[in-house]
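Okay, handing you the structure first.
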Amino acid sequence: MPHKTVVGWSALIAGHAARGDAEGAWGLLERMRGAGVEPNVITWNGIVSGLNRSGRARDAVLTLVRMHAEGFLPDATGVSCALSAVGDVGDVSVGEQLHGCAVKAGCRVDACVATALIDMYGKCGRAGEIVRVFDESSHMDVASCNALIAGLSRNAQVSEALRLFREFVGRGVELNVVSWTSIVACCVQNGKDLEAVDIFREMQSEGIEPNSVTIPCVVPAFANVAALMHGRSAHCFSLRKGFVHDIYVGSSLVDMYAKCGKVRDARMIFDAMPSRNVVSWNAMIGGYAMHGEATNALELFHSMQSSKEKPDLVTFTCVLGACSQAGRTEEGRHYFNEMQDKHGISPRMEHYACMVTLLGRAGKLDDAYDVINQMPFEPDSCIWGSLLGSCRVHGNVVLAEIAAENLFQLEPENAGNYVLLSNIYASKKMWDGVNRVRDMMKNVGLKKEKGCSWIQIKDKVHMLLAGDSSHPMIAAITEKLKHLSIEMRRLGFAPSTDYVLHDVEEQEKDDILSVHSEKLAVALGLISTSQGTPIRVIKNLRICGDCHEAIKFISSFEEREIYVRDTNRFHHFKDGKCSCADYW
């Protein structure tokens with residue numbers, strides 16, 4: 001070019017920045033000045049924007065600082081690009097200075113700037129500032145609404161996000177697929193699975209078609225509440241739209257089918273995936289582990305390594321979990337050592353928790369306690385909880401008291417720890433200990449956490465709480481349970497009341513055991529579906545021993561397959577037996 005103007009130089013510099021070549025961009029800037037051409041705001045914007053888009057957010061922020069030092073006041077375009085970079089870096093102090101620059105330059109009211117400010121404050125964990133900036137903005141376009149919902153979600157402000165989303169819908173804001181996907185993801189990430197399912201259905205009724213990002217966002221909600229029919233619908237939709245070949249959609253479907261008890265369907269999808277990443281492998285290995293299929297899990301782990309996919313921290317959590325569920329203690333030790341020696345992965349808290357559970361289940365409680373004492377960091381509640389759970393199974397009061405004492409300090413408001421220790425005392429007829437724990441709970445003002453179970457009947461997901469009588473079919477559910485109780489006793493089955501507090505009358509004990517949430521859900525499934533239809537239930541807590549035995553009986557008496565997924569694993573009840581081989 002015979003005449004190199006600021007436009008040409010700026011375009012060339014921006015091109016280098018967009019490729020992530022910060023050094024090349026800076027070098028060209030010096031050559032530009034050496035040629036007697038001074039950069040302008042557009043030149044600087046090009047560098048900031050290019051570096052930000054290429055993933056070099058910190059370099060983009062440093063460019064902004066240099067730009068300001070050289071006397072240039074960023075315009076709306078520059079501020080928007082810079083705020084995005086600041087959010088990625090997480091430097092809220094620079095973001096606040098940029099906010100001030102936007103006010104001075106009079107571009108705070110610019111729609112792009114307002115959206116960028118909301119996004120930046122959201123990424124920096126300033127939920128209050130998100131709403132304030134949005135309220136001060138005169139714009140309520142789809143971009144700012146999306147940024148607001150995403151920011152609130154990132155900061156666990158799900159109730160506020162839902163409220164504002166409903167307000168946008170009510171005001172007639174033209175929301176798009178990104179808006180709906182964001183609020184669905186917000187609900188799923190913050191434990192509002194039923195709300196996510198409802199919003200997804202509403203989204204479709206509004207004529208907003210899900211995309212390949214929406215599906216992996218909503219599918220975990222279907223898995224979490226056992227909404228297999230909704231999950232199948234999402235699968236069929238993905239097939240029609242060609243999304244199923246997307247690696248993230250495929251991985252989410254693998255995980256969903258495994259968590260809904262359809263591990264064979266999960267494997268079919270896994271095998272059909274044209275490409276897989278570590279998330280895909282982990283979903284399938286974890287699915288096998290959840291179902292107690294250790295052999296399949298370990299075979300797949302070896303196939304993963306043969307395919308040159310490098311296992312990560314989650315992979316080994318799944319592998320150790322599979323060994324733990326199947327009682328394969330020595331293999332678990334082997335993989336725990338291999339993780340460090342062969343793959344160079346330092347164990348985290350969750351891996352030590354798996355080892356404590358693995359050893360505890362095998363009755364090697366002293367070995368489990370040694371592992372805890374040898375950990376390179378302080379054990380958390382998950383570690384002590386694993387030990388306490390194993391002490392319940394094997395009746396080790398001494399270690400149970402040690403584990404419980406640590407849990408009381410780490411989680412003073414978790415009633416489950418007190419109840420578990422009380423149950424251990426009760427099983428040993430140590431009523432003084434039971435009373436002492438009950439007094440501790442009363443003094444702290446704690447009550448046992450209520451169990452909650454979910455079951456899908458046709459296209460509706462039902463949530464049942466332990467002892468709750470608000471379900472519209474509670475009378476029929478109770479009648480079914482009474483009938484089953486009579487048949488159990490007639491055939492010689494008696495519920496175990498060893499873990500129920502000793503000063504409750506026998507009839508009251510039976511009442512307590514009859515209203516566990518998983519029993520209510522199973523009974524609802526029995527009266528709402530035709531004979532032979534499998535029943536699938538999800539529970540928010542670990543299934544108790546009495547319910548485990550009762551559901552084994554029900555599966556035989558009613559000739560039903562019953563699947564119950566608790567916080568520990570999947571239980572497949574059939575013909576009076578459970579797939580967990582009593583490792584509950």
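Keep in mind that glycine also has a Cβ here, set from the backbone N, Cα and C atoms.
Please treat TrEMBL annotations as automatic predictions, because they have not gone through curation.
Annotations per TrEMBL:
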{"type": "REPEAT", "residues": "5-39", "note": "repeat 'PPR'"}
{"type": "REPEAT", "residues": "40-74", "note": "repeat 'PPR'"}
{"type": "REPEAT", "residues": "141-175", "note": "repeat 'PPR'"}
{"type": "REPEAT", "residues": "176-210", "note": "repeat 'PPR'"}
{"type": "REPEAT", "residues": "277-311", "note": "repeat 'PPR'"}
{"type": "REPEAT", "residues": "312-347", "note": "repeat 'PPR'"}
{"type": "DOMAIN", "residues": "492-584", "note": "domain 'DYW'"}
With a Cβ cut-off under 8 Å, give me the same-chain residues at least six positions beyond the ends of the repeat 'PPR' (176-210) that come close to it.
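Same-chain contacts beyond the ends: 142, 145-146, 149-150, 152-153, 156, 158, 161-162, 165, 168, 217-218, 220-222, 224-225, 227, 230, 234, 237, 454, 461, 463.
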Pop the mean pLDDT for the repeat 'PPR' (141-175) in here, whole number is fine.
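For the repeat 'PPR' (141-175), the model's average pLDDT rounds to 87.
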Which sequence-distant residues neighbour the repeat 'PPR' (141-175)? Criterion: at least 6 residues beyond either end, Cβ under 8 Å.
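Residues 111-112, 114-116, 118-119, 121-123, 125, 127, 130-131, 134, 182-183, 185-187, 189-190, 192, 195, 208 contact the repeat 'PPR' (141-175) from elsewhere in the chain.
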Do any residues, 6 or more residues outside the repeat 'PPR' (277-311), come within under 8 Å Cβ-to-Cβ of it, and if so which ones?
247-248, 250-252, 254-255, 257-259, 261, 263, 266-267, 270, 317-319, 321-323, 325-326, 328, 331, 343, 345, 565, 569-570, 572, 579-581, 583
Treating G and I as helix alongside H, and B as strand alongside E, what does DSSP give for the repeat 'PPR' (141-175) in helix, strand and coil?
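Helix/strand/coil tally for the repeat 'PPR' (141-175): 27 helix, 0 strand, 8 coil.
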